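Input: a single structure, listed below in structure tokens.
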Amino acid sequence: MKLTRVLIIAVLFLTAYQLTTVETYSRGKWMHRALRSTGKNPKVTRECSSPDESCTYHYNCCQLYCNKEENVCLENSPEV
């Protein structure tokens with residue numbers, strides 16, 4: 001019975017230690033588990049191009065419309 005209690009307490013301490021080290025090192029070399037797969041920092045804001053500035057993809061533009069033929073951001077969606 002004592003051995004069971006000791007094992008349960010040891011597992012609880014090891015689990016708590018693992019969770020705190022993941023959180024502690026999330027700002028350094030290690031990242032939080034949710035961010036490990038993407039490798040991105042969600043707090044970083046991305047810059048976008050204003051209308052009439054150059055673009056390569058739609059997500060480069062603030063309005064999310066890129067004329068790929070001319071590589072220019074558009075103010076409104078293109079007419080189809």
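Using the three backbone atoms N, Cα and C, a Cβ is placed for every residue, glycine included.
Now, the feature entries from Swiss-Prot:
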- Cys48-Cys62: disulfide bond (DISULFID)
- Cys55-Cys66: disulfide bond (DISULFID)
- Cys61-Cys73: disulfide bond (DISULFID)
- 1-24: signal peptide (SIGNAL)
For Cys62 (disulfide bond), the same-chain residues 6+ apart in sequence with C-beta under 8 angstroms from its C-beta are Cys48, Ser49, Ser50, Pro51, Cys73
May I ask for the distance between Cys61 (disulfide bond) and Cys55 (disulfide bond), taken between their Cα atoms and rounded to an integer number of Å? 7
Tell me whether Cys48 (disulfide bond) sits in a helix, a strand or coil according to DSSP. coil
Residue with minimal Cβ packing [other Cβ atoms within 10 Å] among the disulfide-bonded residues Cys48, Cys55, Cys66, Cys73: Cys48
